Structure formats: structure tokens, C-alpha cells
Amino acid sequence: MFNRTTVYILIAAFAAALGLWAASHFFEPDEREPELQVVRLFQPARALPAFELTRSDGSTLERGDLQGHWTLVFLGFTHCPDICPTTLAELSRAQKEWEAIPEASRPQVLFVSVDPERDTPELIGRYAHAFHKDTLAATGSLPALEAFASSLSMVFAKVPPPEGVPENQYSIDHSATIAVLNPQGHMAGLVRPPLEPAKIAADMAALSGAAIP
């Protein structure tokens, strides 16, 4: 015969099992994170500090302006000989696949120039839009850009030109990784090279709750 303690233990175990069963069947979240191919998400996403950059049209870009959409952020500069044009060209292929997605939920791409000496707002606008008309472009003061890059866990550094080359022919070393911001404007993940546009397009569409036709 069971003693009283054993009975209590059995009752508690049964209640716990029943609770787990009920939770798994009746209290599952309605939204599950989609299976992703190349986007690597962080848990939890990280809020960005306030920032002020300058858009290609001269207006101010602030933290709140990036809310409402999933956003890919790439740091570069218009005189970049290889990584920047290649990256923006590959992202433009993903953007073309998003064109059928309603604008309210469409993912977006933000190009941030880290070369404020040479890259004016007008220039970065022309540069970014040459790859895709919907690409957002911004720049800012060097301190603002350094703080913004740091908030994304990215870095960049000016590289002086070789001896005998004009001083304005410098280069910039910068991160090739792409930051992923969620609709709250938080740093939510990364996309690392080499880039696969079709998979990027599919992942970002899935995160946005949209299907690519």
C-alpha cells in the first residue's frame, strides 16, 4: 500500500505532467520564427542607442525612422573598388524579388557611407540608387558614423594612400557583414559573406511575413 507521502508525490507528478501537456497543446505562440537559410538572428535582439545621420535628400535619419520594416544595413563608401559595388549589386537582386511585396511590409536596404570627407548626401543617393531605386542611403559626421558602426558591432578605418599618391585617394577598411534590424529598429542579426541573394530574399520575406511570388 502507498503511504500518504507517496500519494502526494504521485499527485504532484501527475499535475505537473498534465500542466506540461496543456501548455504544449493549448498555449503555443501563434507566431513561430521561420526557418532561415542565411540570416543569423540574435536572441534577444539588441536596442540601438539614439543616432542622427543625414539621408541622401538632406533630411535626418534617426533611430525611429527604421521602425516598421526589417532592414539590412551595409556600411561602405562610394570609392570602394570591390566589396561595396558587389554587395549592393547582390542586395539589389534580393530587392527585385521583394518588389511584389506590399510596401508596408517590404524589407528595406540601408547603405551608410563611412566616408564623410568625399561622400556627400547627393553623391551617396546617386550611388545607391544606381543599384536599386528603393535603397536608402545616409552618411554623417565621423563621430556619428563611428558610434553607429559600434552599435552594430562593426568597425571601419581610413587607410592612407601609398607614398606619392594624392592624399584624397585614400581607402577605407570596413566590415563586409550586413546588419539585420527588426521592425522595432533593434539589432536582430547578421548576414555574412559570401552573399546568396535568393536566400537573403527568402529569409527577409519570411521574417516580414510575406511570400515571394
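Note: Cβ is positioned from N, Cα and C throughout, glycine not excepted.
For the Cu cation site, TrEMBL records C80, C84, and the single candidate of H174, H186 listed with them is H174.
The record gives C80, C84, H174 for Cu cation. Within 8 Å of the mean position of their Cβ atoms, the other Cβ atoms in that chain belong to L75, G76, F77, D82, I83, T87, V114, I172.
Cβ neighbours of C84 (Cu cation binding site) (same chain, under 8 Å, six or more residues apart in sequence): F74, G76, F77, T78. Taken as a whole, the domain 'Thioredoxin' (42-209) shows an average pLDDT of 97 in this prediction. Neighbour count (other Cβ atoms within 10 Å of the Cβ, all protein chains): 23 for H174 (Cu cation binding site).
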